[in-house]
Amino acid sequence: MSATKLTRREQRAQAQHFIDTLEGSAFPNSKRIYITGTQPGVRVPMREIQLSPTLIGGSKEQPQYEENEAIPVYDTSGPYGDPQIAINVQQGLAKLRQPWIDARGDTEELTVRSSDYTKARLADDGLDELRFSGVLTPKRAKAGRRVTQLHYARKGIITPEMEFIAIRENMGRERIRSEVLRHQHPGMSFGARLPENITAEFVRDEVAAGRAIIPANINHPESEPMIIGRNFLVKVNANIGNSAVTSSIEEEVEKLVWSTRWGADTVMDLSTGRYIHETREWILRNSPVPIGTVPIYQALEKVNGIAEDLTWEAFRDTLLEQAEQGVDYFTIHAGVLLRYVPMTAKRLTGIVSRGGSIMAKWCLSHHQENFLYQHFREICEICAAYDVSLSLGDGLRPGSIQDANDEAQFAELHTLGELTKIAWEYDVQVMIEGPGHVPMQMIRRNMTEELEHCHEAPFYTLGPLTTDIAPGYDHFTSGIGAAMIGWFGCAMLCYVTPKEHLGLPNKEDVKQGLITYKIAAHAADLAKGHPGAQIRDNAMSKARFEFRWEDQFNLALDPFTARAYHDETLPQESGKVAHFCSMCGPKFCSMKISQEVRDYAAAQTIEVGMADMSENFRARGGEIYLRKEEA
């Protein structure tokens with residue numbers, strides 16, 4: 001039976017209550033730890049899962065235990081994961097990166113906003129109740145300067161952001177001593193470079209080569225540095241955003257916090273409804289992770305939703321507006337060229353990308369080349385002044401497996417490769433967006449084409465969905481493809497929720513999508529052989545074999561669901577120490593039987609060993625002390 005559907009008023013009230021009562025909190029039996037770096041202010045948060053000891057012998061009255069090491073894990077929740085930090089959504093998060101940005105001395109505060117739209121919004125008194133109170137004074141690069149992480153990397157500069165990332169990517173695995181936990185199967189990396197220890201210099205080198213990006217707008221100092229690249233942990237993006245028919249500012253902030261709690265490495269705000277500007281300000285000021293947008297959505301709202309009325313001037317104003325708010329990466333559909341649009345005519349599902357369809361309609365109605373392509377160098381100049389990364393959109397991605405890997409898809413991909421080189425001329429960081437709907441046997445070609453034609457820039461894919469028959473379960477159909485393409489080298493996976501193709505996701509849908517994609521990303525890290533990726537799996541397996549139920553729950557990606565499923569049939573506290581679960585019961589538990597076999601074998605080994613020693617003793621004549629030459 002599904003839960004009672006809340007009214008719009010109830011949904012908003014629930015979200016407001018969530019925000020008003022929000023506190024920093026850790027997962028069960030976890031604690032927040034920080035690992036410090038060598039540069040000022042580099043203090044990297046991680047979550048450490050505390051484990052119970054293993055019973056190794058003794059008696060019922062005097063049992064003997066062996067301690068189990070705590071397991072450090074990557075944590076995207078920012079201050080929301082630290083019970084010691086007071087959270088106030090009205091004030092926003094602390095500006096972690098502000099001292100680093102200021103110390104570089106290459107930015108200046110703006111006395112006047114560059115965007116006419118922003119000026120108009122700020123002058124509108126009617127928006128005061130909606131507006132975030134502590135609006136940041138935006139910065140931009142000083143004249144003649146570039147402030148991107150790519151620029152610094154190419155200059156040989158290791159920024160605090162790079163050191164922060166190096167520590168974060170190592171996940172504290174140097175703290176683990178147990179050989180059982182450190183054991184790892186060799187991976188198949190398909191050419192990825194996966195060093196045993198990630199250093200700040202390695203991070204710098206990968207960024208300088210364009211193989212990785214650090215989305216870090218100078219106007220989003222609240223964000224904790226992270227990296228997207230195939231030689232690092234596979235990342236996951238969550239999409240949130242209102243629409244013309246549903247959701248509010250409160251609900252979107254709630255979804256942001258919820259997303260970071262469940263492992264979103266970045267969040268895209270895809271709002272298309274009212275108060276886009278104000279919603280985004282609330283999100284940015286409260287986000288510990290990079291925020292991406294699709295600027296064409298808001299530009300379209302500014303021309304009343306009429307694609308033909310879009311202009312470069314309106315789009316440019318939108319870029320400036322969002323860059324000065326702090327958006328970390330823009331999805332730009334600059335590869336949808338006029339000559340590619342006819343290639344989609346024979347497709348089963350045509351053009352399914354919103355941004356792609358908007359630009360295709362504009363091109364056809366004006367019979368002109370895509371203005372994003374025509375003005376791409378100007379786009380790069382704007383991005384270089386704020387360190388906004390470019391996510392080059394796949395506007396011609398396939399919307400069904402029948403259309404996978406067709407002429408239009410790869411023609412656009414090749415153009416994205418050309419645009420990548422242009423962006424790099426301006427020291428602008430770039431990643432490439434990918435499909436979509438692709439059956440399993442056709443997935444790897446997407447990765448090889450991208451690496452070859454886009455010069456190893458990071459790949460960022462939506463799934464891909466491997467079958468089209470499962471509306472309501474597309475987090476599964478796409479999670480399969482996501483795990484595969486992540487293994488092949490995809491750097492970031494855009495989650496798909498159960499509501500894909502059906503409606504706007506709610507809070508629970510966001511969680512389901514993220515858990516599915518964290519599984520896919522982790523499976524890809526294991527398959528690639530990412531150093532340390534197997535530690536948590538080994539800890540879980542050890543806890544499972546030793547019937548440490550609480551540790552099993554706490555090591556899970558979703559401890560609450562794991563515990564709830566167990567407690568449906570064994571709710572008593574005794575069930576948390578039982579050497580069986582309800583699947584097999586006490587007599588047929590394979591792990592319990594395995595333990596008994598192991599104990600029996602160990603006892604037999606001791607008994608046989610003692611018999612051998614006894615026989616040897618008798619053969620030597622039964623003397624307690626042997627002559628020196630006989631010893």
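Yeah, the Cβs are placed from backbone N, Cα and C, and that goes for glycine too.
Features as listed in Swiss-Prot:
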| type | residues | note |
| --- | --- | --- |
| BINDING | N239, M268, Y297, H333, S353, R354, G355, D394, G395, L396, R397, E433, Y460 | substrate binding site |
| BINDING | H437, H501 | Zn(2+) binding site |
| BINDING | C581, C584, C589 | [4Fe-4S] cluster binding site |
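Cα separation, G395 (substrate binding site) to H437 (Zn(2+) binding site), rounded: 13 Å. Taking every pair among N239, M268, Y297, H333, S353, R354, G355, D394, G395, L396, R397, E433, Y460, the residues recorded as binding substrate, the greatest CA to CA distance is 20 Å. Annotation: R397 are the binding-site residues among N239, Y297, S353, G355, R397, Y460 whose CA atoms are within 10 angstroms of the CA of H437 (Zn(2+) binding site). A straight line from the CA of Y297 (substrate binding site) to the CA of H501 (Zn(2+) binding site) spans 18 Å. In this view, H437 (Zn(2+) binding site) is surrounded by 26 other Cβ atoms within 10 Å of its Cβ, with every protein chain counted.
Taking the Cβ of Y460 (substrate binding site) as reference, residues of its chain lying under 8 Å away and at least six apart in sequence are, in sequence order, I228, N237, S391, M431, I432, E433, G434, C490, A491, M492, L493, C494. Around the Cβ of Y297 (substrate binding site), 19 further Cβ atoms fall within 10 Å across all displayed protein chains.
Note on R397 (substrate binding site): other Cβ atoms within 10 Å of its Cβ, all shown chains, come to 27. N239 (substrate binding site) and H501 (Zn(2+) binding site) have their C-alpha atoms 14 Å apart, to the nearest angstrom. The number of other CB atoms found within 10 A of the CB of G395 (substrate binding site), across every protein chain shown, is 33. Taking the binding-site residues N239, G355, H501 in turn, the residue surrounded by the fewest other Cβ atoms inside 10 Å of its Cβ turns out to be H501. Ranked by Cα separation from H501 (Zn(2+) binding site), the binding-site residues S353, G355, R397 are led by S353. Secondary structure at Y297 (substrate binding site), taken from DSSP and collapsed to helix, strand or coil, is helix. Non-local neighbourhood of S353 (substrate binding site): H333, G393, D394, G395, L396, R397, each in the same chain, at least six residues away, with C-beta under 8 Å from its C-beta.
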